[in-house]
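Look at TrEMBL and you will find 1-27 tagged as region 'Disordered'. The compositional bias 'Basic residues' annotation in TrEMBL covers 14-26. The annotation domain 'CP-type G' is assigned in TrEMBL to 114-267. Among the features that TrEMBL reports, domain 'EngC GTPase' is placed at 123-265. The feature GTP binding site is assigned by TrEMBL to 163, 164, 165, 166, 209, 210, 211, 212, 213, 214, 215, 216, 217. Marked as Zn(2+) binding site by TrEMBL: 291, 295, 297, 302.
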Ligand SMILES: Nc1nc2c(ncn2[C@@H]2O[C@H](COP(=O)(O)OP(=O)(O)OP(=O)(O)O)[C@@H](O)[C@H]2O)c(=O)[nH]1
Ligand SMILES: [Zn+2]
């Protein structure tokens, strides 16, 4: 039940009358070089080759474009791909991505009518770091809830990273997330980051947060070469840091990657399936089998009410789960 297909853009075409069986695909590119995508900009992909996403050692950074045979298949930061052509990484060389490997996870947000900025979609992350300032700007619990729903839906572990601890006390905010069992870490500029580093080392973590929460301050402290890495990417893509609208993957000194995304103001959840979120709550899973078909688990005949009333489940957890689920009903940029 847990594993899902993360192919958001594979369109299923039902064969109609008279359609002939598809001929076999072209031969696989056996000599293709594996790599993973660290940045995307206007049809140009920056790809790290020479080692896997979880390996250390020498690597080559190359620029690539999508081969035609990929068709509409989207390639995002974090994707593992196979490349052919000039994979030397020399200046002005251009390789071709001929295959996208199966994704282990996929963080996405729904497009909004009024939002034309590229969606910060990231593949293969194992952790979603929700960066929130304790003050200046004030925390937005509705937004945190929405990001948690996206993480649970995508099967990515959430981590709450509370910044600017010098400005406000974290206890009240933390108590909101305690029943959900969400891990949290409090940091401040110039403070000790070892606890956060422990959580990041060896993993692929996406960082999301509203502009001004101190995400750049954090990224620069975690990856001292971040500025250079980003300007390298921007030298390739011809863009400056602040005009960049897509995510960038940066390697941590002790292993692992952080994927920095542009500041988010809203996070659409139109794509989320309630059942995927509920899977992240194993204590309620079995009870939900007794729910009416299509239950939104917010009330009205929901079997979780009886389950908790009979003392089988934690009432605070049900309240929190319902708060998360109902965050889908609000506007995508609600506070
Ligand atoms: N008081 C305090 N201020 C901080 C802290 N961390 C960052 N700041 C300040 O908060 C402001 C925003 O920090 P940034 O790191 O630029 O925030 P950001 O989230 O990257 O914002 P964008 O660059 O707009 O995406 C800056 O003026 C920082 O100096 C902190 O721990 N405490
Ligand atoms: Zn229900």
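Glycine too: its Cβ is placed from the backbone N, Cα and C atoms.
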Return the member of 291, 295, 297, 302 nearest to residue 211 (GTP binding site) in space, with distance defined Cα to Cα and candidates limited to these binding-site residues.
297
Residues among the binding-site residues 165, 209, 291, 295, 297, 302 that border ligand 2 - Cβ under 6 angstroms, in sequence order:
291, 295, 297, 302
Checking the binding-site residues 215, 291, 295: which ones have Cβ within under 6 Å of ligand 1?
215
Which of the binding-site residues 291, 295, 297, 302 has its Cα closest in space to the Cα of residue 163 (GTP binding site)?
297
Secondary structure composition of the domain 'EngC GTPase' (123-265) [DSSP: H/G/I, E/B, coil]:
54 helix, 33 strand, 56 coil
Sort out for me which one of 165, 213 has the most neighbouring CB atoms within 10 A, since those are the binding-site residues we care about.
213
Top Cα neighbour of residue 209 (GTP binding site) in the set of binding-site residues 291, 295, 297, 302:
297
Binding-site residues (163, 211, 217), the one with most neighbouring Cβ atoms at 10 Å:
163
Assigned conformation of residue 302 (Zn(2+) binding site) - DSSP reduced to three states:
coil
Pairwise Cα distance for residue 297 (Zn(2+) binding site)/residue 213 (GTP binding site) [Å, integer]:
33
What is the separation, in Å, between the Cα atoms of residue 215 (GTP binding site) and residue 291 (Zn(2+) binding site)?
41
